[in-house]
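Here is what Swiss-Prot says about this protein:
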- GLU100: active site, proton acceptor (ACT_SITE)
- 106-340: domain 'Radical SAM core' (DOMAIN)
- CYS113-CYS345: disulfide bond (DISULFID)
- CYS120, CYS124, CYS127: [4Fe-4S] cluster binding site (BINDING)
- GLY167, GLU168, SER197, SER226, LEU227, HIS228, ASN302: S-adenosyl-L-methionine binding site (BINDING)
- CYS345: active site, S-methylcysteine intermediate (ACT_SITE)
Amino acid sequence: MTKLPKLSSNSSLLGLSSEDLEEFARQEGEKSFRGRQIHEWIYQRGAKSLDSISVLPKKWRDSLVRKGIQIGRLDEINRVVAEDETLKLLMGTFDGEIVETVGIPTDKRLTVCVSSQIGCPMGCKFCATGKGGLNRSLDVNEIVDQVISVRETMNRRPTHVVFMGMGEPLLNIQNVLDSIECLTSDIGIGQRKITVSTVGIPNTLSDLAKLAQDRLGRVQFTLAVSLHAPNQTLRELIIPSASSYPINSLLKDCKKYIDLTGRRVSFEYILLGGLNDKDIHAEQLANLMRGFQSHVNLIAYNPIAEENFKRPSQSRVNAFRELLENRGVAVSVRASRGRDKDAACGQLRRQTIDKIKIN
């Protein structure tokens, strides 16, 4: 007997492929075309409940509901739109948790910044998400839903997805890879338009390369490493978890990843005014990047209430970038979006949780 497709831990159909849903229908005693109908209604029509899929026999729909099967869509709690049209969504899960995602539009693209966990265990000093610790990892349906929800809310097809929201993607590696497969196969976002970010977890980059090759056939998404400092002492100050992963070991593992995948690595560097944005830091960073198949993304810090870090001036950002460019480093500056609506990672969710506690 063919094995029944594996549902997520919350018995959701969202995240399953057309082939999986066809097999699911057959195992349920229905014709395989019923699975294709479910696929169309979930991924193209945005069905949020089984009862809304009117083409399915009501008797079967009722049976699935009794078994606890669900589509697995999240419930919108709040939405905020910034002056630059950046969208921030807060969505509720089946167990009462809050997921945060961001839609970032430009003229030619719509990037969705998705979360991979509820909270985060890494404790990066500049990040609002890490202040509350980790609650749990997200299931595939909860990751994919973020992209669908932004598509529906903005009435526009997402072109890019970045795993740069709440959580450490490599601590939820299987669900992240499964959701990438769903995003490419079922929603139509090419792997090259997807970025997976990590602060660096020891002994995971080679595993990521091998697992991704097994799951996706070929690694085409971009790996973005959150570096944020050019030396170990400063990195541990900004990212406490870095104490267990020396920067030289991290870079060595990045080179192995490049060898295994043939893909360059992107390094994220958040500029904290007066702390890691001096000329000497740019020079140290340029030395680290020497001989690397890489790209550096500079990000000016978005302040959060709990920390006293400062946002650098635009002139300091420009000087830092120019110093890297003059030393042959491929570098760009990421534009800050949604600053008037607390669009830094985790801010809106944390404020919402605080309000709930107060009330």
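Cβ atoms here come from the backbone N, Cα and C positions, even for glycine.
Structure with Swiss-Prot features highlighted.
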| residue | record | Cβ contacts under 8 Å, 6 or more apart |
| --- | --- | --- |
| GLY167 | S-adenosyl-L-methionine binding site | SER115, SER116, GLN117, ILE118, GLY119, CYS120, THR129, LEU134, SER137, LEU138 |
| GLU168 | S-adenosyl-L-methionine binding site | SER116, GLN117, CYS120, PRO121, MET122, THR198, VAL199, ILE201 |
| SER197 | S-adenosyl-L-methionine binding site | VAL162, PHE163, MET164, PRO169, ALA224, VAL225, SER226, GLU268 |
| LEU227 | S-adenosyl-L-methionine binding site | ARG235, ILE247, PHE267, GLU268, TYR269, LEU285 |
| HIS228 | S-adenosyl-L-methionine binding site | CYS124, PHE126, ARG235, ILE238, ILE239, GLU268, TYR269, ILE270, ASN276 |
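GLU168 (S-adenosyl-L-methionine binding site) falls outside any helix or strand according to DSSP and counts as coil. In the structure as shown, the Cβ atom of CYS124 ([4Fe-4S] cluster binding site) sits within 10 Å of 21 other Cβ atoms. Across the residues the record lists as binding S-adenosyl-L-methionine (GLY167, GLU168, SER197, SER226, LEU227, HIS228, ASN302), the two Cα atoms farthest apart are 19 Å from each other. Of all the Cβ atoms in the protein chains shown, 20 others lie within 10 Å of the Cβ of ASN302 (S-adenosyl-L-methionine binding site).
DSSP assigns CYS124 ([4Fe-4S] cluster binding site) to coil, not to a helix or a strand.
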